[in-house]
């Protein structure tokens with residue numbers, strides 16, 4: 001299949017049909033009318049704006065989440081904006097099918113209307129980055145900038161987004177750390193097309209700084225401060241936000257996700273295929289065979305997921321997995337890798353380790369022998385010897401990895417996500433065995449198909 | 001038992017009896033006569049000198065090795081000294097009971113006479129350190145200096161030597177790295193008595209420099225050069241040789257042997273006992289019980305000892321043991337300790353390790369992904385993933401420690417003593433089992449009774 005044929009086929013699947021466009025336009029029209037009407041009813045000075053991929057016409061077929069932002073005048077006190085914004089959202093939402101309250105920097109309404117999810121979010125009516133007061137205020141500016149600059153490349157953005165989704169590099173959530181939709185739009189606007197962005201995968205990294213709005217010339221001081229800060233944080237890319245020179249649009253992009261994009265871009269250009277956009281599910285294998293093949297061991301912790309949303313749960317699971325890695329390495333186990341996630345109301349952490357048992361003694365390095373501490377160490381330890389000036393002693397330790405983990409948790413020597421501490425302590429621990437619903441996950445993890453670059 | 005009673009009891013055992021003294025004196029008289037006579041026969045200009053502990057009257061009861069040095073005039077060429085010295089030694093030795101040729105810096109004669117070993121060693125007749133030309137030339141000066149300064153403290157030296165032997169810190173050979181007899185004599189002369197030397201165990205280390213001849217005032221430049229050199233080499237003690245400011249008498253003393261002296265001195269002063277001088281043999285235990293208790297594994301290599309003398313064999317065995325330690329640690333095994341030695345014509349190296357098997361895969365860290373080498377690494381490896389900017393891959397490795405060792409030896413990845421290389425490659429390898437004659441050694445090693453400070 002030629003690259004053109006692949007692109008044509010993918011576009012056929014991801015470009016919204018005329019029917020879908022009509023549906024979306026009508027839906028937005030209705031929502032706008034409803035919002036204007038409700039604002040008037042309540043006698044408020046609020047402008048409704050659509051933001052996000054629907055407003056920019058960069059949404060993928062079938063992906064219709066609506067973002068309706070309610071812009072309050074800049075002089076509104078923050079507390080008032082929060083209260084009246086939520087109230088207004090609720091009144092609008094009551095006219096739709098159903099709704100619930102969701103939480104980000106401030107609470108907002110997530111409603112459902114004709115099968116589409118509608119986020120109704122209060123914000124300030126900013127005209128410039130200098131006015132920005134809350135995290136969501138830039139969205140209106142982003143939407144405006146994209147619409148002014150996209151020049152009909154909307155399908156190119158769709159291709160890039162679908163490609164990033166297919167290779168698992170899409171989403172700027174903290175637990176993904178991939179490319180955001182806005183970043184994809186900027187890259188297409190900057191380099192001209194989907195293929196051009198892929199061809200620039202190596203170039204971009206070397207260039208490091210992308211500055212479509214020329215902030216480095218317009219606002220050199222502020223822009224340079226941003227660049228310096230982001231260089232120090234060792235980001236793979238620094239994309240100065242066209243609507244705010246203080247912000248790196250790629251701040252959440254990790255080296256790992258960029259690397260995934262990097263190798264897939266090379267591969268796709270060499271051997272184009274629709275598989276990059278629509279990957280087949282990995283064929284499952286047997287995780288016990290993997291363990292036997294590798295001679296490693298799998299420790300799995302399963303515990304209640306504490307009703308946490310992904311934004312909180314997943315980073316805390318990652319933190320906890322890293323905490324176990326560190327603590328176990330200190331105890332002499334080698335951690336080959338970790339994995340985490342949830343299934344139903346149960347969260348899990350998997351650790352692949354080099355052994356399930358260790359010796360029951362450990363060599364404990366002590367101080368130099370001719371010091372007060374050295375003489376103490378000599379007195380306190382039974383089996384003690386010298387290497388050079390340093391004393392060493394033999395120390396009894398727990399052999400089994402589950403006993404070691406229990407002891408580490410008891411002594412609070414594992415750094416855990418703060419909302420998970422209690423749950424982890426009551427976790428079920430399993431060695432070289434997982435319940436049926438985690439067998440597939442265990443296989444993908446152990447076979448490295450999950451984080452692997454070669455799938 | 002009081003300290004005085006202990007000392008009296010030890011002296012009773014180590015001080016030569018009148019009978020023994022008479023025997024030794026007569027023996028030396030006869031040897032001297034024989035030497036003078038032979039020198040005249042051969043028409044040589046050579047002065048016989050006795051050196052060593054017999055000549056200094058610091059020998060222990062029953063310990064009668066005679067050192068007869070044959071001093072040639074300074075103007076003798078080295079080659080002539082070697083040849084004529086060996087010839088003269090042989091002619092003298094033929095008049096004794098038996099002899100053989102031994103090798104140090106130059107060859108010498110080791111004879112036997114009336115059950116006593118007699119070393120007949122050619123040297124230069126030096127009067128000052130400025131004349132010293134070969135390693136043995138200082139001996140005559142040492143003997144003279146000790147005899148001029150010992151002032152009747154001969155028994156104190158005997159006590160210190162026996163103490164050092166008892167705690168296994170005596171002997172300056174490279175494979176012991178303890179206190180030499182001459183060092184013991186200097187310490188007694190400097191501090192006044194056996195007990196005073198023990199009481200100064202901590203003080204000496206802090207003082208660091210011992211300079212009985214005041215070289216730092218008499219020859220400041222040369223003496224300071226010696227001090228600087230030895231400080232850089234991080235010696236526990238710097239004892240400027242009373243007969244040569246260029247030499248540290250304690251150059252071969254290791255921190256480990258000093259540490260053994262240090263703790264035993266403290267213990268003896270607190271709880272005096274004859275056991276320090278005459279230790280009981282450690283009660284043997286079962287090495288397999290030790291392995292079970294510790295959960296570790298014992299790898300033993302046994303190979304021919306290549307007819308090497310201790311001075312060559314033992315340092316090379318140590319070097320090889322360290323080589324195995326390094327190589328195995330690189331391969332992911334933890335080496336808890338090593339031991340070496342020989343029994344009959346077989347040398348052995350023992351390695352205590354944390355496991356006999358490792359996983360059959362290893363995580364191989366690669367380069368940063370966005371480099372030429374990174375793209376290569378990606379192409380060449382099957383299972384590859386990212387952590388940060390770095391690529392990692394899974395690599396198959398041998399699981400069993402014996403296979404790992406074989407592979408390391410095949411690839412010359414173990415640093416071995418040069419005369420042992422071939423023998424080690426043909427070694428027998430044993431895991432968790434040793435032949436009967438090594439069972440005791442294995443127990444002492446694994447239980448840490450061998451290098452342990454608490455016996």
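Cβ from N, Cα, C; glycine included.
Positions annotated as CTP binding site by TrEMBL: A:53, A:56, A:142, A:161, A:170. Within 10 Å of the C-beta of residue A:142 (CTP binding site) we count 23 further C-beta atoms, all protein chains included.
When Cβ atoms from all protein chains are considered, those within 10 Å of residue A:56 (CTP binding site) total 21, not counting its own. The feature ATP binding site is assigned by TrEMBL to A:53, A:56, A:142, A:161, A:170.
Within the same chain, the residues at least 6 positions away from residue A:119 (Mg(2+) binding site) whose Cβ sits under 8 Å from its Cβ are A:65, A:66, A:67, A:68, A:102, A:108, A:109, A:110, A:111, listed in sequence order. The Mg(2+) binding site feature in TrEMBL is assigned to A:65, A:67, A:119.
Annotated domain 'Polymerase nucleotidyl transferase' per TrEMBL: A:36-142, in sequence order.
Per TrEMBL, domain 'tRNA nucleotidyltransferase substrate binding' is recorded for A:155-278.
Look at TrEMBL and you will find A:294-426 tagged as domain 'CCA-adding enzyme C-terminal'.
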Counting other Cβ atoms within 10 Å of each residue's Cβ, which of the binding-site residues A:65, A:67 comes out lowest? A:65
Neighbouring C-beta atoms (10 Å sphere around the C-beta of residue A:170 (CTP binding site)): 22
So if I measure Cβ to Cβ from residue A:161 (CTP binding site) and keep only same-chain residues at least 6 apart in sequence, which ones fall under 8 Å? A:58, A:60, A:170, A:181, A:184
Long-range Cβ environment of residue A:53 (CTP binding site), under 8 Å and at least 6 residues apart: A:59, A:60, A:63, A:65, A:181
On the domain 'tRNA nucleotidyltransferase substrate binding' (A:155-278), the mean of the pLDDT values is 96
Structural state census, the domain 'tRNA nucleotidyltransferase substrate binding' (A:155-278) (DSSP three-state): 72 helix, 13 strand, 39 coil
